[in-house]
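Novice: Pasting in a structure now, in structure tokens, and then I'll have a few things to ask.
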Amino acid sequence: MGAGIRILAVALLALAAAGGATAQLRQDYYSASCPNVEAIVQAAVALKVQQTPVAVGATVRLFFHDCFVQGCDASAIIVSTANNTAEKDHVSNLSLAGDGFDTVIKAKAAVDTQCPSPNLVSCADILTMATRDVIGLAGGPAYAVELGRLDGLVSTASNVDGNLPPPSFNLDQLTAIFAANNLSQADMIALSGAHTVGFAHCGTFTGRIQTAAVDPTMDPGYASQLLAACPAGVDPNVALEIDPVTPHAFDNQYFINLQKGMGLLTSDQVLYADLRSRPTVDAWAANSSDFQAAFVAAMTNLGRVGVKTDPALGNIRRDCAVLNS
């Protein structure tokens, strides 16, 4: 075998290994073990959202933060112990709202009670289904999800370092960190559209609204409103809705806001300010159906990031917040 052929063979093996886990995900994964699992999760999620509407944005954000660190394996849900500081307690995750975690915990309880026996469905899959369901409950697209993930065996705060995009990122930085997870720039822009139901703490954008130097890409009137809500000295943990127009509806208003200079975070507004991504923003601001189709494709791709299907790498957690002993 020549050197070129050997290199090609090695490359193909590497690709096969990378794609193997994804290939094992399938929409009907639980059809035999718990055929009603999606309906069970949906009912539990609907009740949680009815009780606490903020669970919509909180659950979507939890899914993203989980998948970008060690893959979609529910490791972000693990609580710290005396011997281990978990992902959840990394500074980048301290702003994750408790209602996202509670959505998964409540859905897990319903699944374990209503499936033929407990511990048939992974927390990672429950989070994936719950995320799809909160999006639907907010008026977003209905879509099928691939299932079959196992829960991760490790959750350490140090694994979060450098793997989540801060709100200060520019287009090149955003594109690069998404590419590291096999997600395209279009995927990144579509997933950013989930901010239509999101919220952010004052501390993440106060640098853009200071009276002495308002970010020139921000609408002055919007900056004034934000400054009134987040004045100097305010608790940085006070949170505002990212979409001030239709904050509880999953729609394309986020992109329309960007056209008006009403992106809350630097990493939001840069999608319009940078001429390379502006055409995509304009297209989705004009056509909600196109945005929703792109979002479903991006969520499917996100749900494949770093999944574990090998029992040597994962299991089904009895308690989503605690590693099996």
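Each residue, glycine too, has its Cβ placed from N, Cα and C.
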Novice: Which candidate, CYS34, CYS67, CYS72, does TrEMBL give as the disulfide partner of CYS115?
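Specialist: Recorded partner, per TrEMBL: CYS34.
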Novice: Would you list, in sequence order, the recorded positions among CYS34, ARG61, GLY71, SER75, HIS195 whose CA lies within 10 Å of the CA of ASP243 (Ca(2+) 2 binding site)?
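Specialist: Hits: HIS195.
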Novice: In whole Å, note down how far the CA of THR196 (Ca(2+) 2 binding site) lies from the CA of GLU87 (Ca(2+) 1 binding site).
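Specialist: Spelling it out, the Cα of GLU87 (Ca(2+) 1 binding site) and the Cα of THR196 (Ca(2+) 2 binding site) are 25 Å apart.
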Novice: Whole-number answer please: how many Å between the C-alpha atoms of ASP66 (Ca(2+) 1 binding site) and CYS72 (disulfide bond)?
Specialist: 6
Novice: Rank the binding-site residues SER75, THR196, THR246 by the number of other Cβ atoms within 10 Å of each Cβ, and give the residue at the low end.
Specialist: THR246
Novice: When the Cα of CYS320 (disulfide bond) is compared with the Cα of each of the recorded positions ARG61, ASP73, PRO165, which one is closest?
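Specialist: Nearest listed residue in space: ASP73.
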Novice: What's the number of neighbouring CB atoms sitting within 10 A of the CB on CYS123 (disulfide bond)?
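Specialist: A 10 Å sphere around the Cβ of CYS123 (disulfide bond) contains 29 other Cβ atoms.
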Novice: Quick one: mean pLDDT on the domain 'Plant heme peroxidase family profile' (24-324)?
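Specialist: So the average pLDDT across the domain 'Plant heme peroxidase family profile' (24-324) works out to 96.
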